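Enquirer: Before we start, here is the structure in question, set down as structure tokens.
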């Protein structure tokens, strides 16, 4: 076998050989190619190792066969050679010995041994070649690993740092290499042990060869002695010579195959024998040489094994190195292990349940053993009773013979006959009890099988859940990576904007200084004007005084007229203050300017300390706090003391994904709002710097207003979210003073007017989206909807009226996260990578901004933004899901146009699907069109629903929703209002005859007729298992119905196979009982409230037996005087629908189920009389004229259930267009039904002969 050398792996590209630094993606691709090559090489090595092991096992088997043949030949040789020698000596001396052996046969056997030895040598050489090949492969693999050790270690660390969610393929490769080396080490030890055994056998063979050589030497000596005797016996008698000749002739006849023996020459025979002995000696010597060669080769094999062991030691050293790397990688694997531990804890809990089930099984087996012993005792008693019966019969025959003469014996015989009848009754009771015990035994066995099936299903669900969790985690990791890149890009852009805003601020400060100097010049000019007016005459004095009053008034109202009017800032009046001098105005200007400088310095500190120039720092801090709470809450959910069910885990994963999506959406919106804010700042700076100077030259009072406006702009423009003003009494007036007289460009004013109109809109469900997509609504930006008026009184009024807008528009300054704070308590996600990245910076910023955080906390309290508890969070999620369904109802969307969250809410709220199915649908189904297009096999493959009844449930629900939400549904299948959803008012119209029709619009999720159980889950699988089945007297099937999620919609679609296989309803009577229960629901149009109302009405009266439950039937049996037999129909399937609708179910069937003995005629007569009375008073069944014992159904039953409904499809007008083939619906038609109650008749009158499709969920 040739030694195949593995091809080398191209580890480095030409770029890397030249030493150039390649990009991260190229190195990753090369490394992945390298790992793929190593994995392929590992597979090849495993294949060669497997083949080598097989060949080694074959060689060992062959070696054992050769050893066995050699031992047998050796024994034959040892046993044959002495006899041959003795026979030869006897023949030569003329004695009457045995015939000489067949040396030709020995030579043939010797040749066969030689050929077998050659074959074994070839096999040994092949094994050596294979072992050499394996050693070369291992050396090649070791070279590869040592060559790429550094790159492997770096990439393992890099991969683990990037994706902490799972274990990389490199770790798996290292583990595989370690297992391969350990396997080769164990194999080498096995080979060494076998070599030691073979060497021991070779030494034993050498000893045997030495003994054989000694025997050959002794034979030679005997031959020499025989030759001497032959020389001395030449003068023997002729008769002895003739006998020798005959012996020689015999030898010649036997050795004729050699062709070298002369029958007349004894010496030639001896020579021949000597030659044969020499040949055999030569062959034995060759055998010995070959054995020595074999021993030398075995030594070589041992040396090779030693080298292989050294190689294995080297590989073990490499493995230790890799194990160190693996330990480093295992530190990153702890997160996954924690989640695995939670799953393991759940598995342990399931295992504990299985152990408890096993214990219960053992108890049941012990009880069964006891019952079997009781049964044996009862059988023995039965035999004794039978023997006594036979003896009694014999005695009866004897007494019958004596009956004519002994009349007294007849009385005694009658007594004995009565005793025998009693014994027979007891025997019948015992047989019935035995049958009952056998039935219980079968039920226990079935329960055991069901428990095992449930355990298997739990394992499958756990596996699916772990797969879904892994897939969701990988997807969230990818989204977080993209999120991080986009956030970093936004950071760079915002840093550029901050620098530009710094430049704008410097320009503003310069313009402010210029305006101060201009104000000083204006005051000088005014003082000169005053002097000139004093010098002028008395004729011009009134006009000048008026102008002075006007200018001073303008000056007052432009700067500080509203600063101290905090008490009446909510009114539309402007209260004038006493006049102040020019020094008062100058005192106010530094205040405003210092306020702007203070704000700007604080903003600089925030930007430098945080290096995180977001506009929504408060949002990030709030999200950080919320995320911190959510992390601990999610860890509580994962802990064993918290909620460990699958639904909570799926809900938590969905919250994490929603939080990630929300953060991505917020980043995009912040980017857009940042761009809009930059344009706004540029426009403001340009308008203030250009218009302010012109206004200063023309109107002196207006220049001061412009300065105040610029200072207010400077105080409100920092991008940090912590610049929210404190809610003090002076803040509204000061805010109006700063904001009320500002001029904006015309296009920006129009944009602000649009924002104000949008904010005043009453659609609360879209408010947050509009606020986030539009620029942030600061108080100044929202209120500034007017240009500079001619009268400052009107300006003040407009500012005051604008200040009375809702608090949501006036509480923040430049805080774009104010709207996102509205959404903060709605959904709390996990702490994202952005929160981790900037958490420390925000903490450093919190130390300096504690005062601003207090005001923000006050604003949050005023807006109701407190942290919600766990129950409130669940209620909010539930309300959000109801709102999704309500929105779909309000828009009238077909099912194909529903989005993914609406479909998931529909599955969870209305359908009641398990949490793992909901999680799988959330991951795989993104719209109603995808859900409605899924076939049965796709539902099983994509969503993982393996139970056929679960698939039936989902398929029927999808078909129903598609047909109900279809815009092409005919009017006959709709409600009187023409809407496919029945409103609350229409429901009242259907149930209350005195009420008139109300509005068509209503809440779809509150009270629809056909979907009332859909919205509230009234007739879902919980109701079927917990209430309906016990009311039928079939509570033993509750667990199966609950496992299969059987709801009212599925009842009419269950086949016999489903009942027998999936629901374990093997008893035909129980299936019949279930069928009549379904018929009862059909007659009530699947109306649970009507069913409960009629049951409540017939609780204490013998009427309306159709709706009687099993408990009501038991109470009726107790009331008629059969209390001792009443409990026998528990779990028997006897209920009112069976009595009222099954014409084959008569009093004898009920007596059999009640286990009333046939001898108890009195109880049976009571039952017959009361049963007939029950049928006459509470059902539509009547006694037939021909036979009093048989009953028949009334004509109403035959009309209400036509023959074609027996096959499972009830056709009705208007339903064939919207419903698929085989989809069964019930009809409620005024012409085809006669309802007994007034409510039902009034409902039919208001339906106007239209059909209402009713199904539950």
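Every residue, even glycine, has its Cβ placed from backbone N, Cα and C.
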Enquirer: Name the residue range among 590-642, 643-695 that Swiss-Prot annotates as coiled coil.
Expert: 643-695
Enquirer: Among 1027-1053, 1054-1080, 1081-1107, 1108-1134, where does Swiss-Prot put the label coiled coil?
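Expert: From Swiss-Prot, the annotated coiled coil range turns out to be 1081-1107.
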Enquirer: Of the residues 232, 260, 716, 817, give the one that Swiss-Prot describes as phosphoserine.
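Expert: Among 232, 260, 716, 817, the one Swiss-Prot marks as phosphoserine is 817.
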Enquirer: From the list 239, 263, 1229, pick out the residue that Swiss-Prot labels phosphoserine.
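Expert: That would be 239, per the phosphoserine annotation in Swiss-Prot.
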Enquirer: Which residue, chosen from 20, 27, 236, is annotated phosphoserine in Swiss-Prot?
Expert: 236
Enquirer: May I ask you to name which of 95, 233, 820, 999 Swiss-Prot has annotated as phosphoserine?
Expert: 820
Enquirer: Per DSSP, what is the helix/strand/coil residue tally across the domain 'SAM 3' (1108-1177)?
Expert: 48 helix, 0 strand, 22 coil
Enquirer: Let me know the model's mean pLDDT on the coiled coil (1081-1107).
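Expert: 92, rounded to a whole number.
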Enquirer: Helix, strand, coil residue numbers for the region 'Disordered' (439-463) per DSSP?
Expert: 25 helix, 0 strand, 0 coil
Enquirer: In the domain 'SAM 2' (1020-1084), how many residues does DSSP call helix, how many strand, and how many coil?
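Expert: With helix first, then strand, then coil, the domain 'SAM 2' (1020-1084) has 48 helix, 0 strand, 17 coil.
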Enquirer: Write out how many residues of the domain 'SAM 1' (898-964) are helix, how many strand and how many coil, based on DSSP.
Expert: 53 helix, 2 strand, 12 coil
